[in-house]
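Per TrEMBL, the features are:
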COILED    63-140  coiled coil
TRANSMEM  527-551  transmembrane segment
TRANSMEM  572-590  transmembrane segment
TRANSMEM  668-685  transmembrane segment
TRANSMEM  706-726  transmembrane segment
TRANSMEM  789-811  transmembrane segment
TRANSMEM  927-951  transmembrane segment
Amino acid sequence: MGDYVTPGEEPQEPGIYRSEQMCLAQLYLQSDASYQCVAELGELGLVQFRDLNPDVSSFQRKYVNEVRRCDEMERKLRFLEREIKKDQIPMLDTGENPDAPLPREMIDLEATFEKLENELREVNKNEETLKKNFSELTELKHILRKTQTFFEEVDHDRWRILEGGGGRSGGSTEEQSPLIDIGDNEDDSMRHFSAQAAMLRLGYGGAGTGEMLPPAGAMESEEGLELTQHAVAGSAPFANFGFCGFCKALFYLQHEDMIASSAENSGIGDVLSADEEELSARFSDAMSPLKLQLRFVAGVIQRERLPAFERLLWRACRGNVFLRTSEIDDVLNDTVTGDPVNKCVFIIFFQGDQLKTKVKKICEGFRATLYPCPDTPQERREMSIGVMTRIEDLKTVLGQTQDHRHRVLVAASKNVRMWLTKVRKIKSIYHTLNFFNIDVTQKCLIAEVWCPIAELDRIKMALKRGTDESGSQVPSILNRMETHEAPPTYNKTNKFTKGFQNIVDAYGIATYREINPSPYTMISFPFLFAVMFGDMGHGVIMFLAALFFILKEKQLEAARIKDEIFQTFFGGRYVIFLMGVFSIYTGFMYNDIFSKSVNAFGSSWTNSIRHEYIDDVLEKGEKASEAQWMLVPELAYDGNPYPIGVDPVWNLAEGNKLSFLNSMKMKMSVLFGIAQMTFGVLLSYKNFTYFKSDLDVKYMFIPQMIFLSSIFIYLCIQILAKWLFFGSAPGSVLGYTYPGTNCAPSLLIGLINMFMMKSRNAGFVDEEGNIVPQCWLSTWYPGQATIEIVLVILALVQVPIMLFAKPWLLYQREKKQTRYSTLGGSGGGASTSQSVRADIAQDDAEVVHAPEQTPKPAGHGHGHGDGPLEMGDVMVYQAIHTIEFVLGCVSHTASYLRLWALSLAHAQLSDVLWTMVFRNAFVLDGYAGAVATYILFFIFGSLSVFILVLMEGLSAFLHALRLHWVEFQSKFYGGLGYEFAPFSFERILAEEREAEENL
């Protein structure tokens with residue numbers, strides 16, 4: 001692009017057209033005042049610090065401990081914030097911006113946060129312990145209740161057995177399921193085997209003898225039930241058996257059929273065939289000397305794990321355990337996670353230590369919780385009373401703990417946002433101080449900053465305030481430095497211009513001090529959008545939506561709506577506002593409002609059809625054949641155009657409406673496109689002259705303008721001449737006889753003939769006054785053929801000039817500089833330049849050594865900085881730019897035809913919605929018509945908003961964006977800079993808040 005201009009040489013221009021003038025400066029701050037000075041610069045937000053320690057690790061910098069302390073404080077505050085949000089306590093956010101605390105206040109903040117965190121963690125730990133105990137006691141309460149109910153049912157069945165009540169007569173319910181589960185296999189052989197095995201394990205030996213046999217399971221493996229025999233003479237039936245005895249009795253009653261079928265093969269058929277009373281007596285006598293050592297465990301398990309738990313118990317214990325379950329109606333909290341879960345109470349009966357070990361391991365694997373359960377009803381009753389008492393006490397203590405926790409969080413919620421702001425400011429200050437260098441005396445910090453020249457006074461005042469607040473006696477120093485490094489790009493924006501600047505920056509950050517397209521985009525972008533979107537009705541909808549966002553912007557900003565689509569529309573509210581305003585204007589010019597026209601000034605066309613023909617058609621009515629009549633311009637047009645915009649009569653023309661509008665909008669698109677491209681080339685001239693690049697002015701800008709004028713600007717002149725001179729009435733145009741509209745020149749074919757240099761007729765009529773064949777292809781002004789040949793040759797000549805002239809001159813300049821540097825190097829040593837600087841006020845002087853000048857970037861624009869000229873790179877760079885411009889002029893002109901295409905599509909879609917939807921409401925009469933009007937209007941309005949305003953608006957927006965990025969900005973905009981990122985508390989806090997909201 002050319003040389004960077006040193007700040008002292010830069011001409012004064014309004015900052016809106018170019019980025020702000022920047023300078024590199026050094027800051028000398030005393031160690032004690034550095035914190036306060038950086039804090040003041042952060043509040044100002046006009047200084048970008050450079051890292052002077054790029055090779056030093058982050059963990060080896062001077063203020064790394066302070067940064068870590070800030071990270072720790074921020075972690076504690078985030079912990080507080082999470083706890084406050086968990087309790088749904090609103091956090092007070094007044095929006096105030098407290099000053100950065102002094103370094104000594106950091107200790108007080110740390111102590112406050114440490115105390116709050118420890119107190120809150122202790123309260124949380126106590127609450128968690130209390131909740132866990134409460135959950136365990138609640139589960140134990142349900143276990144005692146369910147097991148007590150279970151044992152009462154068994155005792156009831158026992159008494160029925162003793163009284164001979166026939167326990168099988170009752171209804172079958174869930175609570176009357178078998179106490180000893182022998183599996184759910186429905187196979188008869190398996191049932192038979194299971195029953196027989198159960199009988200053997202219960203100790204039935206020979207038929208009717210009452211002798212005990214060794215259990216089958218005990219003989220096979222160690223997992224069998226251990227049986228011990230005790231002779232208890234004269235004992236009553238089941239008196240000494242406790243729970244084991246009535247388990248066996250109940251098992252016999254509930255599996256009488258299987259036992260009977262098994263008994264036939266085991267030799268006790270005569271016993272099983274006896275009557276019930278005799279069988280009970282003989283069974284009691286046989287079981288009286290037996291006492292089985294059955295044990296049981298009780299606990300709770302999650303309901304969804306119960307089926308798998310049952311299957312694994314049955315398979316792992318080989319059917320030697322009995323499981324009884326009951327669902328808990330209340331929703332309990334998990335003792336570990338605290339989440340609400342549905343659980344079941346279970347009780348498992350088994351015999352032997354091996355089965356006990358297996359059962360406990362299975363319970364542990366399924367995360368079932370086991371609880372102690374006494375054997376006797378009295379003990380269970382006493383434990384239940386104790387559990388209920390402890391539960392009530394825990395409720396009281398837990399409520400007091402939660403109240404205390406709530407009070408702590410409410411008090412913290414009033415200050416947590418302010419604390420976060422302070423901590424983040426402290427952290428950002430120390431992070432910035434890590435960019436500084438420390439002098440050898442350890443008493444001064446040195447920094448390098450980029451800052452706007454126009455704001456130097458404000459920066460110096462901020463440094464003075466920081467020095468005064470710190471109490472330092474040594475003033476802070478700001479020293480401007482000379483540099484040829486490219487400064488950052490800083491464009492001042494406000495809430496109106498920010499949206500348009502973002503559109504430009506999305507393409508690329510402007511190179512330092514090059515033309516800023518944003519001011520021109522503020523007008524051209526909404527205008528080109530409106531050319532494609534032009535409709536007064538749709539423009540009003542867009543305008544009102546943007547106006548609502550603008551009028552309610554403070555309330556909407558305070559609401560902090562996180563929806564991404566809403567934020568997109570709200571952020572671009574001023575862009576949408578101008579798009580709506582320009583759409584209303586272009587819709588007025590098109591005379592188009594929801595596909596209808598408004599006859600505001602009276603049409604320039606009148607009816608030229610004879611009334612007799614019209615009356616004849618009206619008399620025939622439906623019998624008349626359909627025909628299209630045309631208004632002849634010579635008769636129907638009064639010669640005075642519609643005052644502004646399109647004549648409304650064209651909305652009634654069904655035959656040639658599209659032909660007329662397409663021709664008009666196509667030519668209009670070409671005019672707008674070439675005008676914007678020409679403006680872009682003219683802006684490149686401003687860039688070349690600003691950067692003092694004479695080669696670019698002479699061998700880039702001038703050839704480009706000649707090339708563009710010879711072809712495309714000439715085409716625009718032809719379009720305007722055709723609109724102005726070739727009307728409907730015959731006459732004389734530029735010295736040639738013009739017969740009428742059938743001989744109006746064809747510009748597209750004429751442009752093709754211009755490049756092909758074809759011979760054409762001069763004028764529209766021959767010497768005898770007859771119209772020549774294909775008169776629309778004739779030349780229409782004297783000397784047109786010669787002028788067009790000259791223009792084509794002139795345009796072609798510019799291509800080699802743009803391609804070779806600048807690289808050749810750069811090569812010659814490089815050779816001359818090399819020769820001079822060689823001669824200067826052999827002159828007998830380097831001489832040091834000196835000058836004398838006199839101070840008239842104090843009558844003294846000093847000798848100043850002129851610094852060695854750093855070479856500026858070469859002004860050849862070949863994409864490189866300092867160093868020798870690479871001719872190959874220069875040629876490739878120049879060839880790319882030349883080809884891009886020459887071919888781009890053609891392709892970009894065609895690309896602007898999208899203005900016509902999208903305008904046509906939008907108008908046709910609007911017409912389809914009116915014709916196919918809303919117009920049908922006017923066909924019906926009476927109440928049906930009124931109802932249809934409401935319904936179809938709702939459908940019409942919804943489709944108009946969602947399809948024509950939103951979808952078509954987004955399409956037109958994207959096309960307008962492409963026209964500005966590619967067709968317009970490519971003519972002058974480099975976009976190779978980097979953004980000015982000042983150290984600003986406002987920006988840092990906004991980024992932190994946005995990051996929090998996106999979590």
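Every residue, even glycine, has its Cβ placed from backbone N, Cα and C.
Since this is a predicted model, take the numbers as computed values, not measurements.
The stretch from 527-551, 572-590, 789-811 that makes the most Cβ contacts under 8 Å with the transmembrane segment (706-726) is 789-811. Take the transmembrane segment (668-685) and the stretches 527-551, 572-590, 789-811: counting Cβ pairs under 8 Å, 527-551 has the most. Sequence-remote contacts of a segment are chain residues at least 6 beyond its ends whose Cβ falls under 8 Å from one of its Cβ atoms, and for the transmembrane segment (572-590) they are 495-496, 499-500, 503, 522, 525-527, 529-531, 533-547, 549-550, 553, 644-646, 903, 907, 953, 957. If you average pLDDT over the coiled coil (63-140) in this model, you get 90.
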